[in-house]
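*Asks:* Just lifted these from TrEMBL, have a look:
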- 64-74: compositional bias 'Basic and acidic residues' (COMPBIAS)
- 88-103: compositional bias 'Polar residues' (COMPBIAS)
- 155-648: domain 'Amino acid permease/ SLC12A' (DOMAIN)
- 659-745: domain 'SLC12A transporter C-terminal' (DOMAIN)
- 52-103: region 'Disordered' (REGION)
- 153-175: transmembrane segment (TRANSMEM)
- 187-212: transmembrane segment (TRANSMEM)
- 233-259: transmembrane segment (TRANSMEM)
- 279-301: transmembrane segment (TRANSMEM)
- 308-329: transmembrane segment (TRANSMEM)
- 377-398: transmembrane segment (TRANSMEM)
- 418-441: transmembrane segment (TRANSMEM)
- 461-486: transmembrane segment (TRANSMEM)
- 530-552: transmembrane segment (TRANSMEM)
- 564-583: transmembrane segment (TRANSMEM)
- 589-607: transmembrane segment (TRANSMEM)
């Protein structure tokens, strides 16, 4: 094999005319000859082929891909200088035919987030301003060892037991019994194990519902709840691990000083007791121990993993020596000396009684007193906080998920076994301590187990091994979580360096991050001072795991089928509540602060809008709730006083319709807004439905315009038939369109909005929100998808008869119809506009201007016209606009009924709570042109009359921001369609943004 493994791979998409570049590709040539490409892929527009490097050991997702790489067959693979010639059983033509069927490359659950937000990082960028990944080529084709080698016992049980058998086991069990007593101590054990047992049920359910990758608890939460919850809880869990690491180091230093520290009475070195006491000395010793842990983790976590079983044997031997000593050692008394306040030396006479019913009876009840290490009075909450840190290792096995042969089986089985084993040990140790040691001994000497042992070094070695093991386990686990967060690009630049790994895959930069934070924790100086914070962080993380499982259960997704069935939503909910209650019992300040920090992280990640292919539990929950409420939305219970516009806007080409889309977004007033589009074609003559491939482009357009709209597309032989389909089937239940809006049918050439708005310009690419993942639709492909605006010579896909027929069809179907003209002239509707509406006017002409004989201002259509104008006036950008209503009257006639009509109309506006100024417009000179030409049909209007109406409108409403006009009902016969459109075009000529409306449903209500 040649050393240079640089592969050149290019796949050309014939439909979109774009190159598909596949990054981090492992090609697996099976005996069948099929070509497979796995891991990350992205669709980009290129001008030349890309050279693709195979995965290296430092690449994200390396451990998942090594197995596929090992199975690569040499059959059909030949190499030449400067590249690789690949001969596979599958032909290029077959590969291209498969490529045609997929226009958007889908990502899998292992794919990190594409966006980074803070610094605009993308998948190929490691840091702000950094170049794309330039990992050196691997120079060897030697098969590597599969990192997934650990079984249930060594991969889950051993690390879980060692994490739970931390410093608390040897140095704080007497503390718990001495202050809380045996009864409350057992209560603490049961409460703590109830909480972690409920959480374990959730962990087992999630881990048996699919393949669990590296990242452990973070992977479970993020892939279950989505990036916002996953990132925020993952960071909180990382902080819990960091604080736990500092706590274990402080406990180890406490044990070291207990053996090798100077005599508290004389402060002089005696024999091997050489180490001086004091706050800064403790910080110094803790820093040295932490540095030792750092060196081990940098050299390689495999050193720890190889010795974990040996450490477990040593700890087990220490425990056996403790239980044997309780029977073998005879009772004796001795003196304990402490440094009291004011540098005073305090001595206590204590006794080891052996198994004694009197001692057991004295230790049954609580006796909370002063803690000599922190000089604070203990309580149930503070003692529980210290004890609970011994139960926080339940996810140690889950954190090893990347190294487990079968994590879905190993994690539940190993975790449950380890927890049951540690529970028995803790209960037996509590009983033994309560029956053999006086309360004063338990309260005043945390290291008493060494003094009552047959051979004290047994306990000393056990303490050191357990503490070092727990500290390194926390340091390694925290660094892996931080590395997983960095690989997913959730926090951008601050965590970008944490993606760097060594050749063996060790995330050494993440280890340095973790070590630096743990170094800050050891400045606390005392184990008991850190315990409350550690417990609060862990309880919050456990509550998040229960929440993830609860959300999956409540979402009722068919694909949530865990093989572990011993859970329900009741256990998840009980786990959440118990975690939250105990958090506030332990320390309300820390609990409130951690929740506030969690909410801030949630908001940060939410507004950065990181998009992933992991799947969002929120989408499943929303679907579940929306379906339930849609069933409750009964159309038979509709009432006119709760009416709101639900609009179907038909869009032929968004390039010329963006301003209208933005306007309707203001007009909908919290109602349904659907963008409809009809593609001409017949599905019988096509291999696949072309409409399905267009949804992503239209949804990306909706995101770009920042409108609250749905998209519904249809394939039909004609636009009219497609519009009928959309009017019938768009929406669901009680949320269906009641109003159809069409662009006006005229011959004017519209402007291209994509060339006017900076958001659609290529110069904005990579700026602002462009760094966000766009579901495979980038700006160039979005621009290329929608055709240029039509020219005057361009053929029309819609005839005048068909257009008028669409309006008639809508009215027949009981839908209100609106025709929009000149809305490409409307300005100030985009999201960046500072227009507040104070300079705008909304003009309403409620009379049917093409039928002067009609004087009814209160018919259904006129009232609908008023309602739509009022709804627009209530929207955000039009709230300060002035609304004017024009009443056309014939003042020269002897009939003065118009005065009465005006007063009645003012009274109507008052009842409808519509604030508007009324303008009286005499139009006698206009009506005199309304003379029916001889021999012409009744609906024919003279050009002079149409011109006079247009002049009247221009005189009063030329400066209006938008003008609402009465739309006459379309003619009954299609032969009059062109004449109907010509009349509308003449009336609205050069008028500016105009909405012609014909309403058929009552929408106003004067009662309560």
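The backbone N, Cα and C atoms fix where each Cβ goes, glycine too.
Whatever TrEMBL says is automated annotation, not expert-curated.
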*Asks:* Can you work out which residues elsewhere in the same chain, 6+ from the ends of the transmembrane segment (187-212), have a Cβ less than 8 Å from its Cβ atoms?
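*Replies:* Those are 109, 176, 180, 219-220, 224, 380, 383-384, 387-388, 391, 394-395, 398, 401, 404, 407-409, 411-412, 415-416, 419, 423, 426-427, 430, 539, 542, 545-546, 548-550, 552, 560-564, 566-567, 571-572, 574-575, 578-579, 582, in sequence order.
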*Asks:* Counting a contact as 3 or more Cβ pairs under 8 Å, with residues at least 6 apart in sequence, do the transmembrane segment (233-259) and the transmembrane segment (308-329) touch?
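*Replies:* Stretch pair does not touch.
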*Asks:* Quick check for me: are there 3+ Cβ pairs below 8 Å between the transmembrane segment (279-301) and the transmembrane segment (461-486), leaving out pairs under 6 residues apart?
*Replies:* yes
*Asks:* Take a look at 153-175, 308-329, 461-486, 530-552, 589-607 and tell me which one has the most Cβ pairs under 8 Å to the transmembrane segment (377-398).
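*Replies:* When the Cβ pairs under 8 Å are tallied, 153-175 comes out ahead.
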*Asks:* Rank 153-175, 564-583, 589-607 by Cβ pairs under 8 Å to the transmembrane segment (530-552) and hand me the top one.
*Replies:* 564-583
*Asks:* Average the pLDDT scores across the domain 'Amino acid permease/ SLC12A' (155-648) and report the rounded value.
*Replies:* 85
*Asks:* Between the stretches 153-175, 418-441, 564-583, 589-607, which one has more Cβ pairs under 8 Å with the transmembrane segment (461-486) than any other?
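*Replies:* The listed stretch sharing the most Cβ pairs with the transmembrane segment (461-486) is 153-175.
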*Asks:* Using a threshold of three or more Cβ pairs below 8 Å, and leaving out pairs closer than 6 in sequence, do the transmembrane segment (589-607) and the transmembrane segment (418-441) count as in contact?
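*Replies:* Between the transmembrane segment (418-441) and the transmembrane segment (589-607), contact is absent.
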*Asks:* Taking residues 6+ outside the transmembrane segment (153-175), which of them lie with a CB under 8 Å of any CB in it?
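*Replies:* Residues 247-248, 251-252, 254-255, 308-309, 311-312, 315, 318-319, 371, 383, 386-387, 389-394, 396-400, 403-405, 410-411, 413-415, 417-419, 421-422, 425-426, 429-430, 433, 437, 441-443, 445-449, 459, 462-463, 466-467, 469-470, 473-474, 527 contact the transmembrane segment (153-175) from elsewhere in the chain.
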*Asks:* How many of the residues that make up the domain 'SLC12A transporter C-terminal' (659-745) does DSSP mark as helix, as strand and as coil?
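*Replies:* Each residue of the domain 'SLC12A transporter C-terminal' (659-745) counted once, the result is 37 helix, 22 strand, 28 coil.
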*Asks:* Are there residues at least six beyond either end of the transmembrane segment (564-583) with Cβ under 8 Å to its Cβ atoms? List them, or say none.
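*Replies:* For the transmembrane segment (564-583), the far contacts come to 191, 194-195, 198-199, 201-202, 204-205, 207-208, 384, 388, 412, 535-536, 539-540, 542-543, 546-547, 549-550, 553-554, 590-591, 594.
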